[in-house]
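Data block below; observations after.
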Amino acid sequence: MSWFSGLLVPKVDERKTAWGERNGQKRPRQATRARGFCAPRYMSCLKNVEPPSPTPAARTRCPWQDEAFIRRAGPGRGVKLGLRSVALGFDDTEVTTPMGTAEVAPDTSPRSGPSCWHRLAQVFQSKQFRSAKLERLYQRYFFQMNQSSLTLLMAVLVLLMAVLLTFHAAPALPQPAYVALLTCASVLFVVLMVVCNRHSFRQDSMWVVSYVVLGILAAVQVGGALAANPRSPSAGLWCPVFFVYITYTLLPIRMRAAVLSGLGLSTLHLILAWHLNNGDPFLWKQLGANVVLFLCTNAIGVCTHYPAEVSQRQAFQETRGYIQARLHLQHENRQQERLLLSVLPQHVAMEMKEDINTKKEDMMFHKIYIQKHDNVSILFADIEGFTSLASQCTAQELVMTLNELFARFDKLAAENHCLRIKILGDCYYCVSGLPEARADHAHCCVEMGVDMIEAISLVREVTGVNVNMRVGIHSGRVHCGVLGLRKWQFDVWSNDVTLANHMEAGGRAGRIHITRATLQYLNGDYEVEPGRGGERNGYLKEQCIETFLILGASQKRKEEKAMLVKLQRTRANSMEGLMPRWVPDRAFSRTKDSKAFRQMGIDDSSKENRGAQDALNPEDEVDEFLGRAIDARSIDQLRKDHVRRFLLTFQREDLEKKYSRKVDPRFGAYVACALLVFCFICFIQFLVFPHSALILGIYAGIFLLLLVTVLICAVCSCGSFFPNALQRLSRSIVRSRVHSTAVGVFSVLLVFISAIANMFTCSHTPLRTCAARMLNLTPSDVTACHLRQINYSLGLEAPLCEGTAPTCSFPEYFVGSVLLSLLASSVFLHISSIGKLVMTFVLGFIYLLLLLLGPPATIFDNYDLLLSVHGLASSNETFDGLDCPAVGRVALKYMTPVILLVFALALYLHAQQVESTARLDFLWKLQATGEKEEMEELQAYNRRLLHNILPKDVAAHFLARERRNDELYYQSCECVAVMFASIANFSEFYVELEANNEGVECLRLLNEIIADFDEIISEERFRQLEKIKTIGSTYMAASGLNASTYDQVGRSHITALADYAMRLMEQMKHINEHSFNNFQMKIGLNMGPVVAGVIGARKPQYDIWGNTVNVSSRMDSTGVPDRIQVTTDLYQVLAAKGYQLECRGVVKVKGKGEMTTYFLNGGPSS
């Protein structure tokens, strides 16, 4: 994954940090099942070995996700990857998987006759994707392979033209017209080969070249039929068979074009044979055999072309899925970055990322992510009158108002070079001067304060509620970073931060309250007046802090600001249209006067921006990326890097082992095709040759063997209808590459035996010997004219000599049958090219031994002699035995080795192409699988990371369905228990000395305390609790925030929080014992309704608001060290559950007057 760019791309196995293990366990990865592409079946039971089960697409989206990629696709806008025929669709069975690939759902309904014919018709039709753009990408995807295949085909055809020219010109005086035709064809093929090799060769040109080749082949076929001497319906039959075969396998054309071309070439030969041999008495027999031969060749072509094309399209779908997974992973990375950087500054996030990616040894303490920064200014701002505003708003309006207001503050902070630290209810604080130091940090904070007061004045004007801002600023040093293991939030700590907080508390509404330290950094650029903060805040009075209130900027500062605004406006105008506009997280569309808020930069034009973003189609993005990847990749380089050149085996043994375990789900269909070829061969043999009981027995035995093999292979798919032993046998064959290859070779061998078996039952007596006896001549002196004199003619089945064996007059059909048996091996796409080459040479060698040296050799010699007799009879001329003309053709038994070599070359080239494609597809699929697994792991990690920032139910809300960017999360909770737990004397413990690294060691101990609290809240018994945040040394948690944790009847979520509070007290005692400290905790508990929500859809921060939260905080601040103070409402619930409580009495609470409170002393006595 090193090639991915992203902030966090960790290996999941290395995420062994404490927070990761406690914040959600990784879901066990489900075993991935190889999903075969279900093609229309050749037989009803020949389904995929393991039919894919459709999985509903699960879409997830967070509000901070990339809008262009996760946008909801409108009707008709999404691109489905389902295959379809040009005329017929697969809509009834297609299922779109989450990765975007279309699969065919298993069809368990009974198949009717029309349904089977419908599926059979689909096999013969061209496949294409519904999207024309996707179809073009697919053609580009395999263009390099097709270009290479077409180039090799041109070379083969040049060789074939040379062979035909040799066969025609060697034995007799050639015909000039046919020689010229073959020469022109050779030249054209050479020219086309050069054209195909050019870099400028384009996809559209490939179709033109393919159809030009078909035209040339038709012309050669016509010329060969006219030039044949002597003429016969079977003369040169192997040539059109070869043309038909390469049309399906080596020409890059669609199925429909291949079927039409194959049938056209076949029909052309049949018409020529019928027209040129109309007077032959045996014409019907040979034409019938030719029809069967061509039908078988076309069937082999279809059985080869269909699965090859489907496999290629499936490979394209998987590769596109890989591209989509990669892009999705990149988007996930960006979303993760956006989410993390919304909570943590980049310098902190990068350090945490490095630690997450690196395995760490066990350490005594958790690592602390703290950095020290000097010369910074801290701004605290609080909304005065927020309680009145909240009381007049619904939950949605409150969250919306805070979201809009703080989003505006975030924009102002960015403009004024301030870093937002945290939002605490209605309090907002930021720092200028970190992570990068700035000399004008005090000016930035003052300008930020001025802008915030202006912004709140607009809220006051629109809502009619008297709200205002108190702003306090102090300059000094801070420690910034993250504490704890859960609910990370970036924060700052130091004495100067504490002082800045009190500056806000002691400030005045609508004014900016600063210290002398900040005033010194302002260099007199602002007019000030005494602030008298000590009169309003005890801490300021105790520390004798001199404070000031900003009156306004000096004249010099006003001039500088005016010049700066002018420069910024000029720069903005020059960059208009190049930079994206700021889009708020939500417009004030539901407030009283949205026009006023346009002055804040929030207007309806943001909707147009969102619409422009939504217009970006993620499918188009994937297709565009795929197009660039197709243009950039090099198939030759992939082969060179991963595959051995001749053997086509992987260079890495582990890849070869994985590939050897690859299962072809269409293996049963391959065996069924072999059975079909066998049946065609039987028809040819029965039509042309005499047959005996022995041959019928052999054919019946072969048929039964092949049929049983087909049925055994089908058992694996047909399920529980068969015995377990038979099912195990079927699985052992189909799911093992070695076993299925052995069965495939065995099937081809049976077909080959059926092609040559009849040769041994024919008469093997030489005709020359018989004629020599009758004419009292030596066999070498016998010519065709002598045979004509004694009425020996072609086509007689009766024995010509003594004996009972019948005569086989047309051995060319033995050659044709053997060629069909060899072509049947091309159907088994899973057999390696070397395996097919060896098998072809072995079978061809056996056949040639029989042909040249065995008894069947006389059959071919007799045929050549009788064919010459037939030629003499056709010429109607009379010759005597002395001046008999020589035969004008090469003997069939000498032509056969060359024919076999040509077919073997074509078979090997096709096998190489299929295996090379399959192996490269396997590489891509392996990458796709790895990327999908990594994506799943990263998604699980993202989910844990998300849960570490937002509560699980909130995260689930955003992940449940796709949402618009302006939708907010808000929830009114009727009965929530809230806890504030603070270390009362931590401020006394915290000192900034050189001995403790300016206070860092104090924060290290605080980090350990918070980490202990996080570990406790992660325990199963406290699953109803949710950590909200930490505020300095105060820990905030709540329970009952969602339906799964809210117990309306038993109120168990309330007792769980009480138990947790007591558990924290015990843990603090344990910490004091081991750290030799005397920390004192004060804990306040309250219950009641709250409003929960996420502030800032782009920079999310979960929080809860309401009177319940404020009172709970007061229970903490007015509490007693080492005691847990609760309200009357909580007392009533806990007392009913048997908890031990005591009445403290009446306590004065700020904003609430006097309240009766209680101390929680222990749990139920039982």
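Glycine residues also receive a Cβ, built from the backbone N, Cα and C atoms like all the rest.
If you check Swiss-Prot, you get these features:
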- D382, I383, D426: Mg(2+) 2 binding site (BINDING)
- S53: phosphoserine (MOD_RES)
- S554: phosphoserine (MOD_RES)
- S574: phosphoserine (MOD_RES)
- S660: phosphoserine (MOD_RES)
- S660: phosphoserine (MOD_RES)
- 1-149: topological domain 'Cytoplasmic' (TOPO_DOM)
- 304-671: topological domain 'Cytoplasmic' (TOPO_DOM)
- 912-1166: topological domain 'Cytoplasmic' (TOPO_DOM)
- 150-166: transmembrane segment (TRANSMEM)
- 179-195: transmembrane segment (TRANSMEM)
- 212-228: transmembrane segment (TRANSMEM)
- 237-253: transmembrane segment (TRANSMEM)
- 257-273: transmembrane segment (TRANSMEM)
- 287-303: transmembrane segment (TRANSMEM)
- 672-689: transmembrane segment (TRANSMEM)
- 700-716: transmembrane segment (TRANSMEM)
- 741-757: transmembrane segment (TRANSMEM)
- 818-834: transmembrane segment (TRANSMEM)
- 837-853: transmembrane segment (TRANSMEM)
- 895-911: transmembrane segment (TRANSMEM)
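Each of A381, E384, F386, G425, C427, Y428, M469, R470 belongs to the same chain as D382, I383, D426, is absent from that list, and has a C-beta within 8 angstroms of the C-beta centroid marking the Mg(2+) 2 site. The transmembrane segment (818-834) is not in contact with the transmembrane segment (212-228), judged by fewer than 3 CB-CB distances under 8 Å for residue pairs 6 or more apart in sequence. If you compare Cα positions, S660 (phosphoserine) sits closest to D426 out of the binding-site residues D382, I383, D426.
Distant neighbours of the transmembrane segment (212-228): 153-154, 157, 161, 164, 168, 175, 177-178, 181-182, 185, 188-189, 192, 235-236, 239-240, 243, 247, 251, 261, 264-265, 268-269, 272-273, 276, 889; these residues of the same chain sit at least 6 beyond its ends, with a Cβ under 8 Å from one of its Cβ atoms. The average pLDDT computed over the topological domain 'Cytoplasmic' (304-671) stands at 77. Counting other Cβ atoms within 10 Å of each Cβ, the recorded positions D382, I383, D426, S660 show the lowest value at S660. Proximity of distant same-chain residues to the transmembrane segment (672-689), defined by a Cβ-Cβ separation under 8 Å and at least 6 residues beyond the stretch ends, is recorded for 42-43, 46, 285-286, 288-289, 292-293, 295-296, 299-300, 303, 695, 699, 702-703, 706-707, 710, 744, 747-748, 750-751, 754-755, 758, 762, 806, 808-810, 813, 816-817, 820-821, 823-824, 827-828. Sequence-distant contacts of the transmembrane segment (179-195), counting only residues of its own chain at least 6 positions beyond either end whose CB sits under 8 Å from a CB of the stretch, comprise 151, 154-155, 157-158, 161-162, 164-165, 168-169, 201, 205, 209, 212-213, 216, 219-220, 223.
Classification of D382 (Mg(2+) 2 binding site) by DSSP places it within a strand. Here the transmembrane segment (287-303) has Cβ contacts under 8 Å with residues 42, 123-124, 233-234, 237, 240-241, 244-245, 247-249, 255, 258-259, 262-263, 266, 269-270, 273-274, 669-670, 673, 676-677, 680-681, 683-684, 687-688, 810, 813, 816, 820, 823-824, 826-827 of the same chain, all six or more residues outside its ends. Secondary structure from DSSP puts S660 (phosphoserine) in a helix. The DSSP secondary structure for D426 (Mg(2+) 2 binding site) is coil.
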